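I have placed the structure first, in the form of structure tokens, so that the comments after it can refer back to it.
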């Protein structure tokens, strides 16, 4: 049984077009751990996560999503952030979960953050790509976005695509398309691996470490009790459905090539030592 919803078919899902306006972290998210270290303030327009030697902190979305575009502006931990990880991701639950990851790996003062990306399908990840950023992510807010459709997953930074993970089910590669996911974010200590493979440890004299969030927007299909509703959850009710387009346009492809040429520092699809028996099958397909 299939149901057609706004340009794609979903199995056993009833769909309707709605636009839900929401402009507050109080309305869209729950603070899930860290006690006072996670805070919502400025009338619900700002959220902060902090890490000290006792604990980190985190939050998750009240809603689950099945396809859409998710935008969030972040300002990362400033100064000596070595050993810290700020994670911002979509995930379902269980041993065969799907997950779409942004992880920001802290560094010593003056050294660049590493943006770590990964895609898990049916509980399996190992699809890492890593990037330096072309700006200081601690000085101002920048927008980090995920476009998730049946055709592809696109990671964007300030609307520049940095990575595309295409649906390659036709050659046997699982793709996240049936498990609704929540948005999660956390700030935590990972000095056993995060900075130079764990060689640089967290300097707790610099604690607390704090990251800031604002301007959340989800132009997406929400999931509730087996039903998906497609609309917009943000400070405005604008919903242009452009995330459903099947491919990057020419300017976006040029931006992707620019980022991957000058700022990509690791690509699992180029790691022949890691995959001596041959690269994963999706690596042999076109990026676009």
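We count from 1, first residue shown onward.
Note: Cβ is positioned from N, Cα and C throughout, glycine not excepted.
A TrEMBL annotation is a machine prediction, not a hand-curated record.
Quick look at what TrEMBL lists:
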ACT_SITE  99  active site, nucleophile
ACT_SITE  103  active site, proton donor
DOMAIN    19-213  domain 'GH16'
CARBOHYD  107  N-linked glycosylation site
SIGNAL    1-23  signal peptide
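Overlay of TrEMBL feature records on the structure.
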residue	record	Cβ within 10 Å
99	active site, nucleophile	18
103	active site, proton donor	19
107	N-linked glycosylation site	20
